[in-house]
Amino acid sequence: MPAKLQPRRLWRDVTLFDGHDTLPEPMAVVVTGESIERVIPMRQLDRADAEACELFGQGGVLTPGLVDCHTHLVFGGSRAEEFESRLEGVSYEAIARQGGGILSTVRATRTASEEALFDMARPRLEALVRDGITTVEIKSGYGLSIADELKMLRVARRLGEELPVRVVTTLLGAHALPPEFKDDSDAYIDLVCREMIPAAAEQGLADAVDVFCEKIAFSVAQCERVFEAAEAHGLPIKAHAEQLSNLGGSAMAARHGALSADHIEYLDEAGVAALREAGSVAVLLPGAFHTLRETRLPPIAALREAGVPMAIATDANPGSSPLFMPTLMLNFACTLFRLTPREALAGMTANGARALGLHGQSLGRIVEGAPADLCLWDVETPAELAYAVQPGRLRQRIYRGEPSHG
Ligand code: NIG
Ligand code: FE
């Protein structure tokens, strides 16, 4: 349909956070079809303009639709018991070494049918959508066999087809060593590289490839092999790295042009420099930091000084971050990591989109030509979104130009 026949929708008198900054004066935004057509100060909105549009919202704070660039929403089972053990003092690492943790979710995910996994993931995603998410990344990583990893990715794709939210999928085959490969992690990495990545690529099920580079998971050399296989299939890469120790996984990922390095509590100066040089995003996960009661902070000041873009995500998963509330992460990013509210919001909009490689199409920003994914909030200033933890302030969520709460 030619653009001029599409409805023109107007939001007026809004305080506008454009994905990077709050604009200094009241703004008007016109949406045509699925894209943002105009972003102008109210004083430039003339009557003819306003009359040609349908008024969809007035007042409040308008932000880009929130982007959650790191989640593990598809999984079976629960880890409430592990939560209790951790409260009694058993560490996340110790639980993993005893075959619990990620592997306990693997057992529950393998036994669940595709339909059951979809039904379990749906309310989790709906919770994110109700809190303003319009784009979400969903990882596999609890299947750890070709069939089960592909099953998880199909569930993720279907979530994006059935719910009003953009879903980006990531193959995380190298998340943990499955029991069948005990004592032969290189053989499992062979399987990931030679069969799993090719199958996911061929079936169009993965938009990116991720690894868990850690002592309890895979070495830097093994993760590098996974990245080489991803590159051979034209898939972008990212890494869970420097979460529990400093192995240098982030720097290696950056050398391979990673979209992002995620967690990074133990990232050192050389790692920060590598991210800067590669233009990779630092994805901060304050939910996992909080849940695991970590004390080592990511190197925020160094990242800021180096100009490395910082994103914030929920890391929603059954173990290290059973937290399905993106706006809580804005608050945690400020209170736990001392980001400014502006940085936190940019982390869940423009920089979240960058961590998914979607910034080229201006996703996560309110600029002319960007996709019309927006949130209208009942608050006075953008900072209030990070300051108070208060569900119910999302007045309107606009996905691909259509107002909906999802
Ligand atoms: O992002 N760090 C590794 N992977 C996930 C946790 C997965 C789990 O505990 O189930 C994370 O924290
Ligand atoms: Fe994660």
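Using N, Cα and C of the backbone, Cβ positions are placed for all residues, glycine too.
Quick caveat, the model's predicted, so the values are computed rather than measured.
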Notebook entry, point to check: Since TrEMBL lists His70, His72, His240 for Fe(3+), which candidate among Asp148, Asp315, Asp373, Asp378 does it give for that site as well?
Noted result: Asp315
Check: Among His20, His175, His359, which is the one TrEMBL gives for the 4-imidazolone-5-propanoate site where Arg79, Tyr142, Gln243, Ser320 also bind?
Finding: His175
Notebook entry, point to check: Which entry in the list of binding-site residues, His70, His72, Arg79, His175, His240, has its Cβ near the fewest other Cβ atoms, using 10 Å as the limit?
Noted result: Arg79
Notebook entry, point to check: Which are the residues of the chain, His70, His72, His240, Asp315 excluded, whose CB is within 8 A of where the CB atoms of the Zn(2+) site average out, their centroid?
Noted result: Thr71, Lys139, Asp262, His263, Leu285, Ala288, Ala313, Ala316, Asn317, Ser320, Ser321
Check: Which of these binding-site residues is closest to His72 (Fe(3+) binding site) if you go by CA atoms: Arg79, Tyr142, Asn317, Ser320?
Finding: Asn317
Checklist line | Contacting binding-site residues, sequence order - Tyr142, Gln243, Gly319 vs ligand 2, Cβ under 6 Å | finding: none
Check: Taking every protein chain shown into account, which of the binding-site residues Gln243, Asn317, Ser320 has the largest tally of Cβ atoms within 10 Å of its Cβ?
Finding: Gln243
Checklist line | Residue pair Tyr142 (4-imidazolone-5-propanoate binding site), Asp315 (Fe(3+) binding site) - Cα distance, angstrom, rounded | finding: 14
